[in-house]
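Student: Have a look at the structure that comes next, please.
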Amino acid sequence: MRPGAQQYVVARQLYSEDSFTENHEKVYRQRKTMLDHFKQYLTWDAKRAKNAALSLLPIISWMKIYQIKKWLISDIVSGVSTGLVAVLQGLAYCLLASLPPWYGLFSAFFPVIIYFFLGTSRHISVGPFPVLCLMIGSVVTRLVPDVGPPANITGFEGLSMDDQRVLVASSLTFLVGIMQLAMGVMQVGFVVMYLSDTLVSGFTTAAAIHILVSQLKFILGLTVPGLSGPLSLIYTLEIIFNKITSTNVCDVVISLVIMVVVFIVKELNDRFKAKLPFPIPIEVIMTVIACGVSYAFDFKTRFGIEVVGFIPQGYEPPMAPDLDIFQETVVEAFPMAIVGFAVAFSVAKVYSVKHDYTIDGNQELIAFGASNIFGASFKSFAASTALSRSAVQESTGGKTQVAGLLSAIIVMIVTLAVGFLLEPLPKSVLGAVVIVNLKGMLMQVRDVPYLWRRDKPDCVVWLATCIASIFLGLDFGLAVGLGVELISVVLRAQFPRCSVLANIKGTDIYRDRKDYIDIHEPEGVKIFRIPSPIFFANIDFFRTKLVEAVGFNPLRVLRKRNKAVRTIRKLLKKGDLQWTSKGFTNASCRPLKELEDESNIEELDMPTDFKDLPTRIDWNADLPANISVPRVDLHSLILDFAAVSFLDISALKGLKTALKELIRVQVEIYIVACDTYILQKLHDCSFFDDEVLPSMFFLTLHDAMLHILQKHPERTEEKSHNDKIITSVTIHHPGGSLRSRDRHAPETKF
């Protein structure tokens with residue numbers, strides 16, 4: 001590096017892969033086999049046992065560094081604030097699951113206790129999540145509908161409708177927990193990576209629309225049966241519109257007042273969050289006011305408003321899940337396990353980055369799996385995290401899961417002692433609170449124009465996921481979205497944007513020839529870049545693009561040449577053609593014509609054989625007997641493999657065939673920047689033979705170019721001479737006028 005200048009000078013020898021290997025000795029590394037990895041996995045020592053214990057019980061790690069004087073007060077304030085919100089959201093989100101409201105308090109308590117010991121995130125608030133509750137509700141209403149008999153399940157005998165629904169929800173939650181725990185034990189936490197932010201955004205937006213529609217019956221005070229399955233949202237809206245004349249005006253007024261006040265205060269919380277010590281718990285305040293007003297004016301009797309009603313004090317005894325329900329719900333349970341974990345992990349990752357600590361995806365799966373199994377035993381439903389509740393826990397100063405434990409204690413106090421105070425609470429208030437909290441998810445619609453401008457395939461994934469989830473249901477919608485996302489990834493890899501590169505004059509840099517003006521392209525040389533892995537699905541596309549880049553079909557040219565050689569050989573044998581010092585001459589009085597070739601087409605694909613001919617044929621010169629063979633001005637082709645991360649067996653066969661076709665028409669092939677492991681795989685798979693040689697591999701693109709220019713100096717000198725001509729270039733700038741620019745193309749120095 002020259003001091004004070006943004007330039008560097010490098011002097012080194014020209015390297016092919018073979019010469020580089022000869023001059024630089026590699027470190028030999030013993031590769032571990034699958035058996036070695038399995039033995040290592042089964043080998044335990046004291047250190048590994050200690051690490052495993054710390055991994056399974058993250059509480060040990062963060063409790064050792066817990067700063068009581070600095071963190072305890074913050075955790076207490078955060079725990080109380082989060083606990084009040086958790087009580088309200090537990091009651092509200094329970095309506096989405098089509099269960100009696102007080103079971104939401106169970107879901108805000110039991111899972112939190114287990115996560116306190118097993119979870120790695122210090123800031124998320126575990127408990128009901130509206131999307132998950134809605135997915136549970138669709139299963140509950142499918143097995144125990146509002147109208148008609150329940151499903152034929154033995155465990156339903158002798159139970160009321162509410163008890164049947166609780167059994168379905170808890171058994172489903174137990175199954176979700178088993179799946180999450182199994183995935184965590186098998187270390188497959190990476191599965192969440194297949195759910196992109198775009199897919200999750202489209203899915204949660206559709207879920208928000210489902211939630212909004214499901215809460216309209218509480219806002220309007222209507223009796224609407226719970227529906228599930230494809231087009232259930234359309235059917236629900238139809239029923240609501242048919243019953244719109246039966247709307248309870250008092251419910252509507254209460255809901256509108258609650259929504260307006262809560263929305264305004266939440267906006268003020270966001271605007272002045274830097275100045276407020278903690279957000280104003282407006283949902284809790286409005287709930288308390290609504291309870292008092294409803295009790296004082298007896299809304300239930302005077303206006304026919306549906307209220308929360310009797311809330312039993314204390315907890316119910318544990319209950320075993322029903323195996324028949326497992327069989328009925330296994331299909332729905334898997335997407336619920338994935339969604340619940342994906343949302344919680346995404347939120348946890350945001351806070352871990354903000355507060356500089358690490359989270360473990362596999363341990364999070366174990367934590368949520370154990371939490372759901374434990375909670376399901378006490379009749380709670382599947383838990384994840386609510387975005388708004390986690391934001392409260394973090395923004396009010398929560399430092400660790402001590403805040404989460406304290407929030408669970410607040411929920412426990414309400415359940416054991418003061419739950420009766422919530423009995424006069426109108427359900428329309430809970431519905432209004434749910435709808436107001438949907439703002440963040442509904443506003444994700446604004447992502448669509450941005451995605452369309454920036455990345456159309458991602459936009460298609462968003463729209464497909466959202467539309468499918470709206471009309472087909474959340475479970476099928478998630479599957480459709482995942483399928484579209486995987487198809488988009490496959491298509492991007494299957495149809496990559498291949499390009500022809502050129503040298504930026506005066507540098508060792510090569511860029512797409514379409515993007516730059518001041519470029520240098522040596523005559524007879526093409527540089528073809530493949531920007532993706534090569535595998536069975538895109539090898540044919542790669543070969544098609546390669547033919548387009550070189551400007552001719554090598555197989556067609558080879559067959560034409562072989563036919564021409566056989567014609568010349570026959571004419572020489574018959575005496576109609578003779579070889580002289582001046583070339584081939586016509587020895588017959590009649591004009592010579594190209595003879596019909598009846599040989600096997602497969603033989604025409606073999607390398608051109610010049611034996612029995614007096615000389616090799618110059619295919620770019622005039623040929624005798626009116627023989628026509630396409631000209632090939634290309635003498636060297638460079639394949640840039642810098643972006644090729646893997647090759648499969650099908651790709652190896654297709655690549656070798658393509659290279660052989662080019663080599664047989666006398667085009668020299670050079671492959672550059674090939675990954676070491678791909679090169680080793682080529683050796684292991686017997687890729688090389690008498691035609692395809694290891695010597696065609698070069699370390700860098702510039703090394704290969706220098707080698708070509710040394711090998712074909714006459715072409716370079718001719719091109720350099722032409723480059724010295726002063727030319728006038730007209731460039732059209734979009735939105736501007738035409739500008740003419742004279743330039744002198746200097747001789748390129750490599």
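Numbering starts at 1 and runs along the chain as displayed.
Even glycines carry a Cβ here, placed using N, Cα and C.
The following feature annotations were taken from TrEMBL:
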type	residues	note
DOMAIN	515-708	domain 'STAS'
TRANSMEM	71-93	transmembrane segment
TRANSMEM	99-118	transmembrane segment
TRANSMEM	164-183	transmembrane segment
TRANSMEM	190-212	transmembrane segment
TRANSMEM	218-237	transmembrane segment
TRANSMEM	249-266	transmembrane segment
TRANSMEM	278-297	transmembrane segment
TRANSMEM	402-422	transmembrane segment
TRANSMEM	460-484	transmembrane segment
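Map the listed features onto the structure and describe their local environment.
Tutor: Proximity of distant same-chain residues to the transmembrane segment (71-93), defined by a Cβ-Cβ separation under 8 Å and at least 6 residues beyond the stretch ends, is recorded for 101-102, 104-108, 125, 127-130, 133, 278-279, 281, 283-284, 287, 308, 386, 388-389, 392-394, 396-400, 402-411, 414, 422, 425, 430-431, 433-434, 437.
Tertiary proximity for the transmembrane segment (190-212) is limited to same-chain residues at least six positions away from its ends with a CB under 8 Å from its CB atoms, namely 96, 130-131, 134, 183, 233, 338-339, 341-343, 345-346, 361, 434-435, 438, 441-442, 444-445, 447, 451, 458-459, 461-470, 474, 477-478, 481-482, 485-486.
Within its own chain, the transmembrane segment (218-237) is flanked in space by residues 95, 98, 137-142, 145-147, 209-210, 243-244, 246-248, 250-252, 255, 304-306, 427-428, 430-432, 435, 470-473, 476, which lie at least six positions past its ends and keep a Cβ under 8 Å from the stretch.
The list of residues near the transmembrane segment (249-266) in space but at least 6 beyond its ends in sequence, with Cβ under 8 angstroms from a Cβ of it, reads 218-221, 280, 282-283, 286, 290, 299, 303-306, 426, 428-429, 431-433, 435-436, 439.
Nonlocal intrachain contacts for the transmembrane segment (460-484), taken as residues 6+ away from its ends with a CB within less than 8 angstroms of a stretch CB, comprise 131, 134-135, 138, 194-196, 198-199, 201-203, 205-207, 209-210, 228-234, 331-332, 335-336, 338-339, 447-448, 451.
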Student: What parts of the chain pack near the transmembrane segment (402-422), using Cβ distances under 8 Å and only residues at least 6 beyond its ends?
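Tutor: That would be 66, 71-72, 74-76, 78-80, 82-84, 86-87, 90-91, 102, 105-106, 108-109, 112-113, 115-116, 124-126, 287, 291, 308, 311-315, 393, 396.
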Student: Go through the chain and flag residues at least 6 beyond the ends of the transmembrane segment (164-183) whose CB is under 8 A from any CB in it; none is fine as an answer.
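Tutor: Apart from its flanks, the transmembrane segment (164-183) reaches 97-100, 103, 136, 139-140, 143-144, 150, 155-156, 189, 191, 319, 321-322, 325-326, 329-330, 332-334, 336-337, 340-341, 365-366, 368-377, 379-382.
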Student: Mean pLDDT across the domain 'STAS' (515-708), rounded to an integer, is what?
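Tutor: Averaged over the domain 'STAS' (515-708), the predicted model reaches a pLDDT of 86.
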